[in-house]
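Residues or ranges marked as S-adenosyl-L-methionine binding site in Swiss-Prot (evidence: sequence analysis): Gly32, Gly33, His34, Asp51, Phe78, Asp99, Gln106. Among the features that Swiss-Prot reports, region 'Disordered' is placed at 271-293.
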Amino acid sequence: MVEHYPVLHREVLSFFKNIKGRYIVDATVGGGGHSFLLLKNLPETFLIGIDKDDYALEKAEEKLSPFKGRFRLIKGSFKDIDTIVHSMDIKYVSGVLFDLGVSTFQLKTERGFSFQREEPLDMRMDRTQKKTAFDVVNRYTKIELEKIIKDYGEEKFARRIASAIVEARKKKRIETTKELAQIVYNVYPPPLRRGRIHPATKTFQAIRIEVNNELEEIKEGVNKGIDLLEKGGIIAVISFHSLEDRIVKNIYRERKRLKDIEILTKKPITPGTEEIRENPPSRSAKLRVAKRI
């Protein structure tokens with residue numbers, strides 16, 4: 001079986017390898033891919049892993065078992081990163097990592113993140129929260145749907161897609177990923193249906209962001225992550241679409257103006273050809289890194 005490394009793993013390690021302090025926070029621990037490599041390569045490190053997703057935490061616990069006693073996994077949102085770290089009687093940390101992508105295993109969990117299979121419209125990272133993709137698709141007004149698809153998906157056919165969703169749900173509730181993907185597919189002009197990226201990709205992204213309140217949480221989490229860093233500490237954020245990247249870029253720019261950080265990546269680092277070939281979903285990843293001063 002081929003071992004799949006987490007996205008931009010070499011680049012992430014290169015920034016964290018000279019960290020002097022003890023504590024690193026993986027604010028989006030997922031299945032534990034980045035955490036595993038950090039623990040393996042930084043033997044003095046104690047890692048705090050945060051995730052909303054119970055299933056992710058189970059996978060991470062299993063993955064990180066060789067490093068028993070050197071990590072702690074906590075269920076929570078990275079917007080509460082400060083509260084979580086302080087609850088462990090830790091004031092400052094040496095490194096913070098955010099990987100904002102949806103984990104590969106989440107795409108395979110039959111929770112509606114993917115339109116490759118017939119799945120219920122769910123998309124919740126935290127299974128205990130009430131709002132699901134089903135609620136967004138079946139209860140939001142046409143204007144609300146158009147706004148989120150346009151703003152969060154940067155989808156040029158947002159108005160047509162919103163109208164098609166509202167028309168379709170008049171006949172019956174839209175219950176599965178395949179149903180929603182087909183509605184979006186049918187809206188697209190035929191010449192644009194055959195591209196490398198499925199027509200429904202941006203709409204699914206938009207609905208997932210809405211369900212999980214992702215953009216607000218990124219703003220809050222990244223700012224708090226910077227505040228937690230000791231002098232010389234490193235923050236690294238991997239984003240997967242322009243909305244996320246813009247938020248991170250603007251936060252870094254503002255915190256640099258306030259003389260809180262030095263930006264270490266003048267332009268975001270992106271995967272090389274080899275990594276994209278081995279792991280196609282990594283193609284849109286962008287890594288931005290800064291150091292606390």
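Every residue, even glycine, has its Cβ placed from backbone N, Cα and C.
Locations of recorded Swiss-Prot features on the structure.
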{"residue": "Gly32", "record": "S-adenosyl-L-methionine binding site", "CB count, 10 Å": "28"}
{"residue": "Gly33", "record": "S-adenosyl-L-methionine binding site", "CB count, 10 Å": "22"}
{"residue": "His34", "record": "S-adenosyl-L-methionine binding site", "CB count, 10 Å": "28"}
{"residue": "Asp51", "record": "S-adenosyl-L-methionine binding site", "CB count, 10 Å": "26"}
{"residue": "Phe78", "record": "S-adenosyl-L-methionine binding site", "CB count, 10 Å": "24"}
{"residue": "Asp99", "record": "S-adenosyl-L-methionine binding site", "CB count, 10 Å": "23"}
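DSSP assigns His34 (S-adenosyl-L-methionine binding site) to a helix in the three-state reduction. Secondary structure at Phe78 (S-adenosyl-L-methionine binding site), taken from DSSP and collapsed to helix, strand or coil, is helix.
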